[in-house]
Amino acid sequence: MLNITHIQEEEKMKMRRGGRADCRMERKTVEKYRRMHMKSLCLKLSSIIPKEHRINSKNVLTLNESLDQAISYIKKLKERIENLKQRRLTWAMRATNGVTVGFQLPILEVRHRDMDLEILLISRVSKRFMFHEVINVLAEEGADVVNASFSTVGDKIFNTIHSKVLITLLFFPCFLVASKLCG
């Protein structure tokens, strides 16, 4: 009986040791996989950096060198993004102040071809052009509106009006329509 108890105790001790050994083994494998994962992430990170932004021309870089290059590249990208945001804000401020390159709003363009009349009107959302005024002027001058559409892009409204001239004249007074709409 003493022998059986002794054997059972030894088996329990082995199980305990084996359990601890398994625990150690699990920790080792977990650490091994963690290191392999970190290494693959670092390789992916270094592969993303363009060759022209690499500081050293060595083929093989240490982990620290690779991380330093990635950090410097990310900082350059952040600076570039900030610069582009600043430029965009500057252009937006110029556009809202009316200092746009090439034109001042509102823009009115009247095209006349045979019996068709097309009016293109570009204005700001903040300074809306009265749409009914355009329709009234066209009616006064003898044109019938066939189609009208508008589109809003940013802070600008694009109006397009297609109309037919009802009065048959040798020339339709487009300049008169444009002067009434602008003035």
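Using the three backbone atoms N, Cα and C, a Cβ is placed for every residue, glycine included.
A TrEMBL annotation is a machine prediction, not a hand-curated record.
In TrEMBL this protein carries:
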type	residues	note
DOMAIN	22-77	domain 'BHLH'
COILED	67-94	coiled coil
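With a cut-off of 8 Å between Cβ atoms, the residues of this chain six or more beyond the coiled coil (67-94) that come close are 42, 45-46, 48-50, 53-56, 61, 100. Broken down with DSSP, the domain 'BHLH' (22-77) shows 45 helix, 0 strand, 11 coil.
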